[in-house]
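Copied from Swiss-Prot, the annotated features are:
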- 1-18: compositional bias 'Acidic residues' (COMPBIAS)
- 25-43: compositional bias 'Acidic residues' (COMPBIAS)
- 70-80: compositional bias 'Acidic residues' (COMPBIAS)
- 98-112: compositional bias 'Basic and acidic residues' (COMPBIAS)
- 148-158: compositional bias 'Basic and acidic residues' (COMPBIAS)
- 191-200: compositional bias 'Basic and acidic residues' (COMPBIAS)
- 205-217: compositional bias 'Low complexity' (COMPBIAS)
- LYS149: SUMO2 cross-link (CROSSLNK)
- 217-298: domain 'BCNT-C' (DOMAIN)
- SER82: phosphoserine (MOD_RES)
- SER85: phosphoserine (MOD_RES)
- SER86: phosphoserine (MOD_RES)
- SER116: phosphoserine (MOD_RES)
- SER215: phosphoserine (MOD_RES)
- LYS218: N6-methyllysine (MOD_RES)
- SER249: phosphoserine (MOD_RES)
- 1-158: region 'Disordered' (REGION)
- 177-216: region 'Hydrophilic' (REGION)
- 191-223: region 'Disordered' (REGION)
Amino acid sequence: MEEFDSEDFSTSEEDEDYVPSGGEYSEDDINELVKEDEVDGEEETQKTKGTKRKAESVLARKRKQGGLSLEEEGEEDANEESGGSSSEEEDAATGQEKGIESEDARKKKEDELWASFLNDVGPKSKVPPSTHVKTGEETEETSSSHLVKAEKLEKPQETEKVKITKVFDFAGEEVRVIKEVDATSKEAKSFFKQNEKEKPQSNISSSVPSLSAGSGLKRSSGMSSLLGKIGAKKQKMSTLEKSKLDWESFKEEEGIGEELAIHNRGKEGYIERKAFLDRVDHRQFEIERDLRLSQMKP
């Protein structure tokens with residue numbers, strides 16, 4: 001039994017490793033094997049070609065997508081740059097337009113304010129006489145109304161005017177300035193007080209008796225120095241004040257004061273216009289300040 005088992009085992013291994021010789025194949029078997037090998041080779045080549053084509057197409061697509069993406073990114077960057085520059089230009093243009101509009105609006109407002117001021121200050125237009133024939137009753141009514149208005153619009157008593165004379169010293173010359181002021185003004189009161197102080201001094205100097213020759217020399221020198229001090233108390237006048245005084249006297253002599261005032265109130269009068277606009281700005285600031293303070297209070 002042991003021998004039989006060993007033989008069977010050896011024969012089974014031989015069967016597995018057994019390869020028939022070429023003479024044992026028939027022609028049909030050989031042809032079928034060759035065909036199968038060719039078919040397998042063709043399938044493998046087709047598969048390799050297909051995989052290569054797929055890989056090449058994928059790479060081409062990736063390259064195309066990469067190129068497109070790069071081109072798109074470049075276009076987007078260019079669009080962003082152009083958009084940024086155009087937006088900056090638009091912002092600058094809008095800023096300039098707003099500045100011009102605000103300047104024009106400010107000038108227009110100033111012109112309107114100045115025109116309204118001139119209309120209020122300017123001479124009133126005379127009412128043309130009416131051609132309507134008045135009856136007796138109408139004339140009585142109008143006369144009575146005029147009387148009532150005249151009683152209501154009685155002018156207050158005009159204050160008295162006083163002419164005062166001031167003496168100035170300009171470059172060693174005595175300049176006298178005559179001014180007409182109200183009697184109740186501070187300037188007039190100070191002028192009267194100064195005159196009252198100077199009168200007793202002049203009386204004292206005139207009532208001094210003549211003294212002897214020996215003692216008169218010393219006393220005369222003392223009195224002359226005192227009188228010199230009194231006379232030397234002259235207010236000095238500067239060149240600007242002298243030129244202003246000359247200009248005022250020239251306007252009075254020529255009678256052009258009213259004409260100059262009307263001209264200065266016109267559109268060409270820069271000083272009057274500037275002063276008026278400054279007053280308007282100051283008043284507007286005060287109104288805004290009062291509003292802010294009223295809102296801040298609880």
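Our numbering is plain: 1 for the first residue shown, then up by one each step along the chain.
Every residue gets a Cβ built from N, Cα and C, even glycine.
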Within 10 Å of the Cβ of SER249 (phosphoserine), how many other Cβ atoms can be counted across all chains shown? 12
Any idea what the Cα distance is from SER249 (phosphoserine) over to SER116 (phosphoserine), rounded to a whole Å? 33
Helix, strand and coil residues within the compositional bias 'Basic and acidic residues' (98-112) as assigned by DSSP: 15 helix, 0 strand, 0 coil
Across all chains shown, how many C-beta atoms besides its own are within 10 angstroms of the C-beta of SER116 (phosphoserine)? 10
For the region 'Hydrophilic' (177-216), mean pLDDT (0 to 100): 64
